[in-house]
Structure formats: C-alpha cells, structure tokens
Amino acid sequence: MRSRPSGFRLYDHRRPPPASCAVRARGGGARQFRAGLSGNHGCPKRETGNLGRFKASLRENVLGSPKELMKLSVPSLVYAVQNNMAFLALSNLDAAVYQVTYQLKIPCTALCTVLMLNRTLSKLQWISVFMLCGGVILVQWKPAQATKVVVEQNPLLGFGAIAVAVLCSGFAGVYFEKVLKSSDTSLWVRNIQMYLSGIVVTLVGVYLSDGAEIKEKGFFYGYTHYVWLVIFLASVGGLYTSIVVKYTDNIMKGFSAAAAIVLSTIASVMLFGLQITLTFAVGTLLVCVSIYLYGLPRQDTTSIQQGETASKERVSGV
C-alpha cells in the first residue's frame, strides 16, 4: 500500500469535518454535494508544507513514479484526440448541427459515470441530465445565416468525428475522476502529473503544424498581455474544474458549466447590450429546473416498505 507523500498533512475523511468547513446550506443541494463526495466526507483536504517538502513530493510522485505519470497521460491523450475531433467535426458540419450534437457529451458523461464508477442515477436524475442537454442547446442556439462562401463538407466524416469527440469527453472526464478518488495522492500533484503529459502532447502537435513559423518568429510570438490573461484564467479554470470533479463528480461539473454559460450570457447582456431571445429564456429555464431536479434528495422508501410489511403481518395474524 502506497504511503502518503511526505510534506502533506491530510484530514482523515473518516472523522467528522471541522466546524469551519461544515456545509451550512440546507435542502437538496447540500445533500447532493455530500452525496457526491463518495466517501470523502467533510471539506477538501488541507495540504500544508514549505517549498522543500513540495520539491520532495514532486520527486516522489512525479520523477519517482513513472507508472503514475503514465496513468495520468491517458486523459491527456484522450483530451487531445477530443479537441482535434471537435475541430474536424466543426469543419464538416453546420454550426447549428455541431452545436446540437456536441451537447450529447452531457448524457455520455452520465453513462460513463454509471458504467465506470458503478454508480446509479434515479429516473429523475436521468431526466434532469437530458433536460440540461436541451437547455444548453437552446441557450447557445444561433440561427444559421446565409453565406455566399461555399465550403465543401463531408457530413458523414463530421458525424463520425463528433461521435468520437463525445465519447472521448465522457471517458476522459470520468477516468480522471476515478484516478483522483482512488488514492489519497494530492490533488495538485495529480494535476501536475496530468499537465506534464499534456504539455508534451500539445508541443508535438504545435511543432508538427507550425514548426516552420515557430523557428522563424519564436515560440512566444504574438503573446500579448491579453493572451497571458486568457492563459491564466484558463489555468485557474482547469484547477477549479479538478476540484469540482474531486469533491463532487463529472455530472455536477456539467451542471456547473451550464450555469456558467447562462451567467456569462447574462453578463454579456449587461455589459455589451446583447439581446435576450426566446430560445435563450427557455433554455435558461430548462437549465435552472434541471439543476434543481438533479439536486433533489432521493426518496428513502425503506421505512414505508417496512411499515407496509408490518401491517400485512398484523392483518394475516388476525
């Protein structure tokens, strides 16, 4: 059994969480959050240590664990395939068709969660998943505009690519969740293991596609302050996503992403004067209702069943 890396002090998930980390919210949302912890009851594990301990942990878990590094390279490769398939599908399908079909990644993620993590979803939760899928489609819906530019497209190739992208999205997300929750290795170490392999994969792709321009102009040509800001925000978003996956699940990540789409659109309305359409309003309603339905606690019918059994026994005894 692997020992915990030195330099990290972790809360024991078998003990009750500290009062400062208690979830004070009541109702179905809080219960769903606690149910999504999957055994890690309490708040996220706090990690403390200095720079020396951090370096020691990196040597132990990154340089000294090539097997673990290879394990985390799987989702990196799958995500790379997903991104390329998404671009291929977008170039061979209409934007509206691509937008609708790509949202199938939401129920695909739920299916992978059930198959790979041996979890169960109630009928109401399945309904909420497909309702979320429809809501996201309506929120992002933009009517097709006529254009004079004729682009040769291969719909069969596009649908094949979108199917691969959807499957890769569901598999990679659930695989990463399984790796995160199957050991007590630090979340930050897991991120480093994953992104190291991701950097290698993307560097190979960059030099294969734009190697000549990189040699001529340099790797960081065109990196303005805005580009660095976008990179920073994307990095923070990736870390936040891994925290959501660690302490809830990939399905909840999909719900939070849908809520983020709605909020960003509302912000665009206030900041840039974007007009709200009927499809956006209906889609927003579906997203909100699906989030509420998914967070409802499951009904525990054991006590009712026991009461019915006892009453039947009393009747039969009479």
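Residue numbering: from 1, along the chain as shown.
Heads up, the Cβ atoms here are built off N, Cα and C, so glycines get one too.
What TrEMBL lists as transmembrane segment is 124-141 (among others).
Listed by sequence, the residues of this chain that lie at least six past the ends of the transmembrane segment (156-176) yet keep a Cβ under 8 A from its Cβ atoms are 72, 74-75, 78-79, 81-82, 85-86, 88-93, 97-98, 101-102, 104-105, 108-109, 111-113, 116-117, 194, 242, 245, 250, 253. The annotation transmembrane segment is assigned in TrEMBL to 156-176 (among others).
Same-chain residues lying 6 or more positions outside the transmembrane segment (188-208) and placing a CB less than 8 Å from one of its CB atoms are 5, 47, 57-58, 61-62, 68-69, 71-73, 75-77, 79-80, 176, 179-180, 214, 238-239, 242. Annotation comment: TrEMBL describes 188-208 (among others) as transmembrane segment.
Summarising the annotation, TrEMBL assigns transmembrane segment to 220-243 (among others). Residues 44, 176, 180, 187, 190-191, 195, 213-214, 253 of the same chain lie 6+ residues outside the transmembrane segment (220-243) yet bring a C-beta within less than 8 angstroms of a C-beta in it.
The feature transmembrane segment is assigned by TrEMBL to 255-272 (among others).
Taken from TrEMBL, the feature transmembrane segment covers 278-296 (among others).
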Under an 8 Å Cβ to Cβ limit, what residues of the same chain, 6 or more beyond the ends of the transmembrane segment (124-141), are close to it?
96, 99-100, 103-104, 106-107, 110, 251, 254-255, 258, 261-262, 265, 279-280, 282-287, 289-291, 293-294, 296
